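Database features (Swiss-Prot):
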BINDING   D39, D45, D99, D101  Ca(2+) 1 binding site
BINDING   D39, D99, D101, D111  Ca(2+) 2 binding site
BINDING   D173, D235, D237, D243  Ca(2+) 5 binding site
DOMAIN    1-133  domain 'C2 1'
DOMAIN    142-265  domain 'C2 2'
DOMAIN    309-510  domain 'VWFA'
MOD_RES   S260  phosphoserine
Amino acid sequence: MDSRYNSTAGIGDLNQLSAAIPATRVEVSVSCRNLLDRDTFSKSDPICVLYVQGVGNKEWREFGRTEVIDNTLNPDFVRKFILDYFFEERENLRFDLYDVDSKSPNLSKHDFLGQVFCTLGEIVGSQGSRLEKPIVGIPGKKCGTIILTAEELNCCRDAVLMQFCANKLDKKDFFGKSDPFLVFYRSNEDGSFTICHKTEVVKNTLNPVWQAFKISVRALCNGDYDRTIKVEVYDWDRDGSHDFIGEFTTSYRELSRGQSQFNVYEVVNPKKKGKKKKYTNSGTVTLLSFLVETEVSFLDYIKGGTQINFTVAIDFTASNGNPAQPTSLHYMNPYQLNAYGMALKAVGEIVQDYDSDKMFPALGFGAKLPPDGRISHEFALNGNPQNPYCDGIEGVMEAYYRSLKSVQLYGPTNFAPVINHVARYASSVKDGSQYFVLLIVTDGVISDMAQTKESIVNASKLPMSIIIVGVGPAEFDAMVELDGDDVRVSSRGKYAERDIVQFVPFRDYIDRSGNHILSMARLAKDVLAEIPEQFLSYMRARGIKPSPAPPPYTPPTHVLQTQI
C-alpha cells in the first residue's frame, strides 16, 4: 500500500496533536569538586558517564560520556548531555565517575571514583536549575561533590508564524474548482512522519491564500533545523475522502530564508509523475512570510524559582469497603500497595521534585473522626489540623495508613471542602511565585456536584490545578463532566476561566502482567501531562513573567582535555 495513504489516515482529526509534540530539551552540564585521588604521582584524570534508566525494565543504559580532563580533582566538563525533558515523567539518571588510566573505552579498566543518582526533574526543579549532591559509592571514603546544571535549549521555546499561498493547483471538483488545504508532517528518527499542523480549507479556488498560523519549532521539526518537513496538498470533500493533489518537502532551515525564490515549491503527485511523461507539477506553493517568536516556557518559571505546592486529598467514605477486608480499596496488604497508595506514589514522586521543602499537606474527607465521631470532609491525615504537612511522599503514605486505623469510613463524597481548602492558599499567592496542584483520589459518585462545580469555577481564576484519580469499579460519568475537556465547567451561568481539572480512572492503568512500575508511570504521565500548559495559561492570563534566574555558576576553567 502507498505509504502516503497511511500517513493521511488521521488528517480529519487533529485533536490529539498535543500528545504527539515532543518535550522540550535541556542541556545538562557536569562539574565536580574534591574528587578522590586514585593516582599515586599526580591527580586523577576524571571522566563522567551518564546512564538513563528504562521505565519498564528498570535497566540502566549508557547515554553518553564527557571528555577526560587530565590531572584534576575539580573538573568542569565541557561536553554536555542533551536530554528530552517531560514534566510528567520520572527520568532517572545515574552519573558514574572514573579516573582514566589508559586509552581503553572499557570502563572496567579504569578506577571507579563514585556515582550520583538523581532525576532530571530534581536538577530542573532545584534553585536556578543547579543541583549539588555528594558523590557516593566507595564505603568509608568522602568522594566529593557533583554539580549539575540544566539549561533549556533555545530552539525549543521558539515558535514560528508562517503564511503560505498556492498557484494553479489541479482542479479536482467536477462542478467547480478545488477546495484546497495543507497538511504538515515532521519526520521522525525512524523515517516515519507525524502530522503537526493542518491549515483551514479555502473554498473554490486554484490560487488559495491561507491564513498565517503559529507552530512551535518543537512540533514542526523537534528543534532539528535540517529535519525533513513534508507538506501535502488536498482538495477538501464533505464526506472526508479528501483528494490528494500533491506534495513537497522542505526543512526549517529552508523556510527560515523567508519569502524568496528558494521558498516556491512545486507540488508533485508521484503517481501522475510516474504515468505521464509530460507531467511537471500540480501547481506551486509559496511561502509568503516567516517570523520567529521566542516564547516563555514552563522551565523559565521553574528556573526563576516558582514552586509547585502539592496537596493530596483521600476519599474515606464507606463505599470503599472495610479496610480490614481484602476486598476493600483501602485494604493494607503487607506485600503490595493498594490503589490509593499506588496513585499517591505515582503522582507524588514526580511533583515533589518541584517543591523545595518537600512538605505536603495531606487531607481526608468523608470519615467520622475520633473521639466524638463527627463527620469531616477536610481533616488532616496526620491528626494535626494546624499543621497538616507530611515529610515527603513517604510521610504522606505513613499518615494515610495511620489515619485508616483511627477514623471510621462514612460519607457522603464531598469534594468542595478540599478544593476550597487549597483555593484559600492559592488565593493568597497571585504573584507567580507559587502554583498549587491538588490530587484527589476517590472511589466514587460525587455527592456535592453543584458545590464542587462552583469551587472549580472559582479556582479556575487561581494558580491551581486539580487531578482526580478514580479507583474501583464505579461509573465515573460525573468526573468526566468535571474534567471539562469537551465542555467547560460552569456554575450559576459562570464558566471556568480555564480548564484546570484532569480526571483518569485508575482501572485503565492496571497492568494485567503485574508490571505496576510501568502502569504507574503511564498513570503519572497522563495525569500530569496537562499541568505545564495549565500553569502557563494562568501566568499568561495574568501577565506574569518569570523571575530572572539566579546568576549561573561559573567555575574556574581547566584546559587539559583528552578524548575517550
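Cβ coordinates are placed from backbone N, Cα and C, and glycine is handled just like the others.
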Under DSSP, is D101 (Ca(2+) 1 binding site) helix, strand or coil?
coil
Let's check the environment of D101 (Ca(2+) 1 binding site): how many other CB atoms sit within 10 Å of its CB?
13
Could you give the mean pLDDT over the domain 'VWFA' (309-510), rounded to a whole number?
93
Sort the recorded positions D99, D101, D235, D237, S260 by C-alpha distance from D111 (Ca(2+) 2 binding site) and give me just the closest.
D99
As a quick check of your reading of DSSP, tell me how many residues in the domain 'C2 2' (142-265) are helical, how many are strand and how many are coil.
16 helix, 56 strand, 52 coil
I'd like the per-state residue tally for the domain 'C2 1' (1-133) from DSSP, helix first, then strand, then coil.
21 helix, 53 strand, 59 coil
Filter the recorded positions D235, D243, S260 down to those whose C-alpha lies within 10 angstroms of the C-alpha of D45 (Ca(2+) 1 binding site); answer none if the list is empty.
none
Of all the binding-site residues given, namely D101, D235, D237, D243, which is spatially nearest to the residue listed as 'phosphoserine' at the Cα level?
D235
Give the distance between the Cα atoms of D237 (Ca(2+) 5 binding site) and D101 (Ca(2+) 1 binding site), rounded to the nearest whole Å.
68
Please report how many Å separate the Cα atom of D235 (Ca(2+) 5 binding site) from that of D99 (Ca(2+) 1 binding site), as a whole number.
63
Could you tell me the C-alpha distance between D101 (Ca(2+) 1 binding site) and D243 (Ca(2+) 5 binding site) in angstrom, no decimals?
65
D99 (Ca(2+) 1 binding site) to D243 (Ca(2+) 5 binding site): how many Å between their Cα atoms?
63
Run through the Cβ atoms and count how many others sit within 10 Å of the one on D99 (Ca(2+) 1 binding site).
20
Around the Cβ of D237 (Ca(2+) 5 binding site), the count of other Cβ atoms that are within 10 Å:
12
Near D243 (Ca(2+) 5 binding site), which residues of its own chain have a C-beta under 8 A away, given they sit six or more steps off in sequence?
K172, S178, Y234, D235, D237
Which of D45, D111, D235, all binding-site residues, has a Cβ with the fewest other Cβ atoms inside 10 Å:
D111
